[in-house]
Amino acid sequence: MASYYEILDVPRSASPDDIKKAYRKKALQWHPDKNPDNKEFAEKKFKEVAEAYEVLSDKHKREIYDRYGREGLTGAGSGPSRSETGGAGPGFTFTFRSPEEVFREFFGSGDPFSELFDDLGVFSELQNQGPRLTGPFFTFSSSFPANSDFSSSSFSFSPGAGAFRSVSTSTTFVQGRRITTRRIMENGQERVEVEEDGQLKSVSINGVPDDLALGLELSRREQQPSVAPGLGVMQVRPTSLSRPPDHDLSEDEDLQLAMAYSLSEMEAAGQKPAGGRGAQQRQHGQPKAQHRDLDVGGTHKSVRGEAAKLSPSSEEKASRCHIL
């Protein structure tokens, strides 16, 4: 069993007010009615919290506990002397009350959940200025600095349905490193995630390190799309588009010019495009290489302009007609 200070999550130097605040928080957290899905475990924790509060809230019991431990209260071990127990004898032991009795005595007949607001000083003025949240379903959250560290908490209750969820986040700075601890309490199960400088280091379930849960959480975070800081958009790297080789482009241009030249010859000779002027050109030794020597500006010159430049003169037309 953990020490009473660890159960209430307070230091050994905690004041009586700190003990009360810690019990109020833990008692509401582990109340069996708030943990119907894990009632057996919640009852155990609820009992430990009540026992720790009953001892640490009593000055005399706390002194004996600090000196002898729990054995000094139950009669096990050496135990306190007669003077320390008020002359009750060496066999004297303290009798712990039921956790339900401690809970009723602490909260009284009022709404126990309304007491949770007392833990958050930032809400004290709000409670006096407006109506309190007393409905069956309500949620609230807080965020406040604690010395040089930071912490935030959020709680949600549904008393009728027995649903309870709390999330608390605390950040501390140790030797220049930022340690963030996130505690999630839901249906009697406590999940603790510890991050160091933004990197998840451990995940614990009900106080037990869980490597499987750690691996699943790391995998889930890695699958999330990366977002450019300050931009809010996904980072996309441009991909280079492949272009056709230059010689392929020049061959296409040569082919277009050759076709234009053949058409111009046909029009000049008064023939239809279906004629075989192209074949006659090759028979008269008209080399195709002539077209490649042309200084063509790619797509910046029109095909018709080139065809006009290449149209034969009247003398050439007459000689060709004579040959035909």
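Positions of Cβ are set from backbone N, Cα and C atoms, glycine also.
Since the structure is predicted, the reported quantities are computational estimates derived from the model, not experimental observations.
Of Ser15, Ser311, the one with phosphoserine in Swiss-Prot is Ser311, while the others lack that note in the record, though it may still apply to them. Within the listed segments 233-236, 321-324, Swiss-Prot records motif 'CAAX motif' for the stretch 321-324.
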